[in-house]
Amino acid sequence: VIAHPKYQESKRIAIFLSMPDEVQTEEIIKDIFKQGKECFIPRYKPQSNHMDMLKLSSVEDISSLALTSWNIPQPSDDDTAREEALAGGGLDLIFMPGLGFDKKGNRLGRGKGYYDTYLERCMKHPRGKPYTIALAFREQICESVPVTENDVPIDEILYEDC
């Protein structure tokens, strides 16, 4: 991931804070800060499909975040001091989680549509849609995954031996 050309050229990167069953992102987050890039993480709004990408100030900043019902750290609703990526300069790259992927770039998420809705918002930003890379285990690559007209294909899927 760290040697990937799109990662190298990106300055503003959104990345998920991984759950135990997902590709672990902690080392990537550390590298984002080490390289002086800007790091944004999701804040999901429960009971909706709305998500914002909020700026992290450091790796240590993660430990100050509240845990969601999914046990994922995220900025609280009353945390208004953080920059939201689309309110600022947009994003260059989004690393995306998922349950399953196919080689056509289709992604099976957790069913709420957070990332698809966010990517639709990105397309309205002057900077346009950022490049999207899914981080997956080889076992998550399927022949095909079900999609609807609201699903936004991923630009690239990275997994072992890909």
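Each residue, glycine too, has its Cβ placed from N, Cα and C.
Proximity of Glu22 (substrate binding site) to non-local residues of its own chain (separation of 6 or more, Cβ distance below 8 Å) is seen for Phe16, Pro97, Leu135, given in sequence order. Look at TrEMBL and you will find Leu17, Glu22 tagged as substrate binding site.
Every protein chain shown contributes to the tally, and the Cβ of Arg107 (ATP binding site) ends up with 24 other Cβ atoms within 10 Å. Annotation source TrEMBL lists ATP binding site at Arg107, Leu108, Gly109, Arg110, Gly111, Lys112, Gly113, Tyr114, Tyr115.
Considering other CB atoms within 10 Å as the measure, the emptiest surroundings among the binding-site residues Gly111, Gly113 are those of Gly111. Recorded residues Gly113 (ATP binding site) and Leu17 (substrate binding site) have their alpha carbons 17 Å apart, per Cα-Cα distance.
Those same-chain residues not listed among Arg107, Leu108, Gly109, Arg110, Gly111, Lys112, Gly113, Tyr114, Tyr115 yet with C-beta within 8 angstroms of the centroid of the ATP site C-beta atoms are Gly98, Asp116.
Here Leu17 (substrate binding site) is compared against the binding-site residues Arg107, Gly109, Gly111, and the shortest C-alpha distance is to Gly109.
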